[in-house]
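Notes follow once the structure below has been shown.
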Amino acid sequence: MDAGLLTLLKIFLSAAFVDNIILARYIGLCPYIGMSSSVANSLGMGMAVTFVMVLASLVTWVLWNFILVPLHLEYLRIMVFILVIATLVQLVEIILKKNLPNLYRAMGIYLPLITTNCAILAVTFFGVDYGYGPLQVAIYSIGVALGFTVALLLLAGIREKLQFSKVPGFWKGYPIVFISTCLLALVFVGFKGLIK
Amino acid sequence: MGIALPGIVVGVLGLLFGLMLGWFAKKFAVEVNPLAQRIEEILPGANCGACGYPGCSGLAKAIALGNAPVNACPVGGARVWLEISKLVGASVSEIKPQRALLLCQGGRGTAQEFAEYHGIEDCRAVAVLGLSPKACPFGCLGYGTCERVCPFGAIVIDKEEKLPVIDWQKCTGCGKCVRECPRNVLGLVSQEDQVVVACTSLQGAKEVRAVCKKGCIKCQLCVRTCPVGAISFKEGRIVIDHEKCTLCGACVEKCPTKCIVFVSRSKCVAFSDLKSIGEPTGVKG
């Protein structure tokens, strides 16, 4: 296989599975726990996060490489990147409200909460830290977003089953959710040897 | 000069993004029901959720569509309801403003305490323990959860008695304290003059006598005293039928433990007389 293509595949797979943003890096746990109560909700959240994550990492990549680095303003990146993410989330909200009002209502408060989703900020940081090119950043962020969505869907499926199982009283609610997350994370350790 | 460059960069970026958002907001503008918008302007904007909708805008939409009554906002009070009803053309006849009331008189010195609590100063935390420093298992714990959840600052814990005092001038009847109280000793009552049993205990005479001077001992003297038969004894509790009650005050006088109380001389029920609203007498729990 072509070397460039192979690198892209590696970036994608490692972003999605080996370094899964939630189950291997433990970033973005709040929307993960908050939105994983049903498969339908988590799918909507996954799609919204994918959209914002990919666009945000591309826009921040441009800003980083053509404005912040040439002007030696690297220390401003938290502020500038958050600005980009917040704007994008607002944009998604406006577009959803107009074109997909049903999804907009289903997302409710979680749509604006993407603004403070640390996973998205982390992806924009990693994207510039790893020194990726524009195409690589795009592939990387798609991979992370896919990994996020997969993790969300896995937990949502488990939680839907959990509702019908006998859970000891002191584990009911969030404790058993975190324990399930922990077991899922152990499963994802198995991906560590996937890429050399 | 060190600050100029970053200032300009962030400023220009912010302006750029802001303009872009503004343009998009115009381009993708969703038509809002103008009636809902005007109703939202009237609503208090506390976004407290007491109406059952996520926020004031949700309620405004529901009222505009006719899915919610004009008096759905408990916080707004009669003035807001009247204005909304003028806007949508519905009647306000069934509106009754409510206020929170403490249904327990077992303060320090009245109710017996058998332990000293050292822990998180929060009634919910104490209730989770399943034990209480107060000997009565129904009484007010007095650690001020209601004081902290009240969005309007209407509740203050009395230092000496360790009981909440509710200021009816500030109370809007949103019911937040009623929902948060782990002991269910707070209730919503209509703002009219009325007679209320200020004790929620379900225990028998012997147990109540042992722990509280002002607890209901279920002697049912009030049931026999009431000249119009408005008081009955149902499921271990004294129940007062406010429809029948004539406010004669005979039960309040006869009650041996003084747990039937007369609530306020507020003069704020008639909706024709809106000027007097907001001047009810404060009720001390």
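Using the three backbone atoms N, Cα and C, a Cβ is placed for every residue, glycine included.
The structure displayed is predicted, hence computed values, not measured ones.
These features come from TrEMBL:
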- A:6-27: transmembrane segment (TRANSMEM)
- A:39-64: transmembrane segment (TRANSMEM)
- A:76-96: transmembrane segment (TRANSMEM)
- A:108-132: transmembrane segment (TRANSMEM)
- A:138-158: transmembrane segment (TRANSMEM)
- A:170-191: transmembrane segment (TRANSMEM)
Taking 3+ C-beta pairs under 8 angstroms (sequence gap of 6 or more) as contact, is the transmembrane segment (A:138-158) in contact with the transmembrane segment (A:39-64)?
yes
Which residues, given as numbers and ranges, are at least 6 beyond the ends of the transmembrane segment (A:6-27) yet have a Cβ under 8 Å from it?
118-119, 122-123, 132, 135-136, 139-144, 146-148, 150-152, 181, 184-185, 187-189, 191-192, 194-195
Close approaches to the transmembrane segment (A:39-64) from elsewhere in its chain (Cβ under 8 angstroms; 6 or more beyond its ends):
31, 77, 80-81, 84-85, 88-89, 92, 96, 103, 106-107, 110-111, 114, 117, 119-120, 123-124, 127-128, 132, 134, 137-138, 140-142, 144-146, 148-149, 152-153, 155-157, 160
Intrachain residues whose Cβ lies under 8 Å of the transmembrane segment (A:108-132), provided they are six or more past its termini:
11, 21-22, 25, 27-28, 30-31, 34-35, 41, 45, 48-49, 52-53, 56-57, 60-61, 64-65, 77-78, 81-82, 84-86, 89, 92-93, 96, 140-141, 144-145, 148
